[in-house]
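A.B. asks: Feature table excerpt (TrEMBL):
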DOMAIN    207-373  domain 'Helicase ATP-binding'
BINDING   434, 437, 474, 477  Zn(2+) 1 binding site
BINDING   443, 446, 461, 464  Zn(2+) 2 binding site
Ligand code: ADP
Ligand code: ZN
Ligand code: ZN
């Protein structure tokens, strides 16, 4: 179907409603992809002209349409990207608007080019500072940004910053939004690849040169030099004058990546993540859209940026579940990356030492191409992995490090080598209770325990961020000093190490301590400069990092991840421990890994100790197949929530009652979600389990579309869920 010449279909950016039709004024030249301002009621709103083949408000007569108000001077959203947006909206059952907001995710999309005013310290300290102003000055040493950003960073009001500007403590700096980014040099410092690396690189380089869609799974053991290898494909895209996107799972991995990139290509790449100042955001957004940013490294949200001529996407550590977005649009960046390659016609590389079972399966059935690098680069050997049976080699009471592991740590400290202790639990203790009455501290907003963070003297909820100071008295029985910590978190392990090995210099590395690229860079340089003997960290430090002096890895509790028992528990545990183990012995000195467990015979542990990855994957694949689980079948979760518990239950019952009968599909629930309350909302869940041939999205769209919900009820749909909470 095609619309008359002067009629256009517009997706509004801020409204979760379907596309609306408008009249294009005679003197305005615009087509699909153009950003425009249109009227809606009394308001003037931004939107994008869409293709005619999406459903609009056909019913309105052309002569009655309101006119497009203005054409925004901004790069249009290209056809391939519009198709991707259509696909994401369809597949993940969300609105075009919600996806489009991730594309036009900077005010750069709506402002003409030019300059902007930021503020920075002058070095002048006004006399008679209020405590607030003094604290703000301290906090903003070396900072630069808009008034609003500086206020947020210092945790003060805008007025405090404006006062400091007036007093002369800050000065204005004019920032050009569009100053050019430095160009990476394809052949700045080309490494000599070994044979396996060269073979893998050739395939990717060839695919970049040829253009066209293809998906590679770059499967190389930890330390095999995957980065060096895919850099060759990046170099080829640079030679062609095209653009590359590298997706990383955590912003904490950005800093070491930037350093390696600069060593290889002479300059740092452009960066995209949530911590950018708005001027940086704007500049990068523009440079991506006009094609001048050749290489962008970023978090998953970078995936939706309007690249002018993208030729390659690399998803590094592609198995990471943090590529799955859990709020807003619930999409999986790995899968959307592949779809972007498909719609825009370029290769996509999924790099990992422990590929997701789904990705590996795609190689098996011939949809993706597998590239393998089977051994570590240079003289480095894979570490030796041993299990410690905690029932035989037990730590003392209220201790968590077994004698064997402690001895190994001691030896490393003596030899001046480094160690990593891995425990995937932030804070001091996962549970705090009263010794007298047994009261447990629970979050007032969520069905979860408050986690003690001793370094900052707080109890915190890891689901909603609620914090409180540890009370002196038990709120239940009123007794003082009766609170006891139950179980270990990384801070507690750090205490244990400090007590048992007082000479060892330790560092706790988690998302609480490495929350920005700068903090992460500082951590890396401390470890590299050998100012640290023992790192105690969560999954955050188990991947990506390359510390040649690190020769010992201890996994404190290998059973932790297996307990939850969700669909991917075994796979995730295997990946996490294999990645953690992969940090050991990456230099010339051999590495050793101890896995503490109560079940040394568990298939996951046995496969890790035997170094038999294929055995694990094959057994796990068989299990998934017989259960009809992904990639052989699929799930979708429907979460119904309300502040009012009864309302949530009733709405969930209505959804359950309207569930269609479809061959090859089964609906479980409704039942209270495992996390029955989250951020003050009561949650009910239905789980749809279907064979691959079932068109789950269409079915759910029709099913839910026929229902009406009270205002206070929210219905969220999670297609291909990763979290089953
Ligand atoms: P992976 O990401 O596969 O775990 P890395 O890319 O971190 O491995 O590589 C491990 C180490 O080996 C890094 O220090 C890297 O610079 C080095 N390395 C890998 N390949 C080469 C090469 N061809 N020439 C020089 N150094 C290399
Ligand atoms: Zn008590
Ligand atoms: Zn909470």
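Glycine is treated like the rest: Cβ placed from N, Cα and C.
All annotation found in TrEMBL is predicted automatically rather than curated by experts.
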A.B. asks: Got a sec? Which of 434, 437, 461, 477, the binding-site residues, have CB under 6 Å of any ligand 3 atom?
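C.D. replies: What lies within reach of ligand 3, judged by Cβ under 6 Å, is 461.
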A.B. asks: Given the binding-site residues 443, 446, 461, 464, find the one whose Cα is closest in space to the Cα of residue 474 (Zn(2+) 1 binding site).
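C.D. replies: Going through 443, 446, 461, 464 one by one, the closest to residue 474 (Zn(2+) 1 binding site) is 443.
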A.B. asks: Can you check what DSSP calls residue 434 (Zn(2+) 1 binding site), collapsed to helix, strand or coil?
C.D. replies: strand
A.B. asks: Whose Cβ lies within 8 Å of the mean position of the Cβ atoms of 443, 446, 461, 464, the Zn(2+) 2 site, other than those residues?
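C.D. replies: Residues close to the Zn(2+) 2 site, other than 443, 446, 461, 464: 444, 445, 448, 450, 462, 463, 465, 466, 678, 679.
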A.B. asks: Return the member of 434, 437, 477 nearest to residue 461 (Zn(2+) 2 binding site) in space, with distance defined Cα to Cα and candidates limited to these binding-site residues.
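C.D. replies: Out of the listed candidates, the nearest Cα belongs to 434.
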A.B. asks: If I take the Cα of residue 477 (Zn(2+) 1 binding site) as reference, which of the binding-site residues 443, 446, 464 has the closest Cα?
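C.D. replies: With Cα distances computed to residue 477 (Zn(2+) 1 binding site), the winner among 443, 446, 464 is 443.
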A.B. asks: So what sits near residue 437 (Zn(2+) 1 binding site) in its own chain, CB-to-CB under 8 Å and at least six residues off in sequence?
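C.D. replies: Non-local contacts for residue 437 (Zn(2+) 1 binding site): 474, 476, 477, 479, 482.
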A.B. asks: Which residues of the same chain, at least 6 positions away in sequence, have a Cβ lying under 8 Å from the Cβ of residue 443 (Zn(2+) 2 binding site)?
C.D. replies: 449, 450, 461, 463, 464, 466
A.B. asks: List the same-chain residues at least 6 positions away in sequence whose Cβ sits under 8 Å from the Cβ of residue 446 (Zn(2+) 2 binding site), in sequence order, or say none.
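C.D. replies: Correct list: 461, 463, 464, 466, 675, 677, 678, 679.
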A.B. asks: In the structure shown, which of the binding-site residues 434, 461, 464, 474, 477 has the fewest other Cβ atoms within 10 Å?
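C.D. replies: Counting other Cβ atoms within 10 Å of each of the binding-site residues 434, 461, 464, 474, 477, the minimum falls on 477.
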A.B. asks: With the Zn(2+) 1 site defined by 434, 437, 474, 477, which remaining residues of that chain have Cβ atoms positioned within 8 Å of the Cβ centroid?
C.D. replies: 435, 436, 438, 439, 475, 476, 478, 479, 482
A.B. asks: Can you work out the mean pLDDT of the predicted model over the domain 'Helicase ATP-binding' (207-373)?
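C.D. replies: Mean pLDDT for the domain 'Helicase ATP-binding' (207-373): 94.
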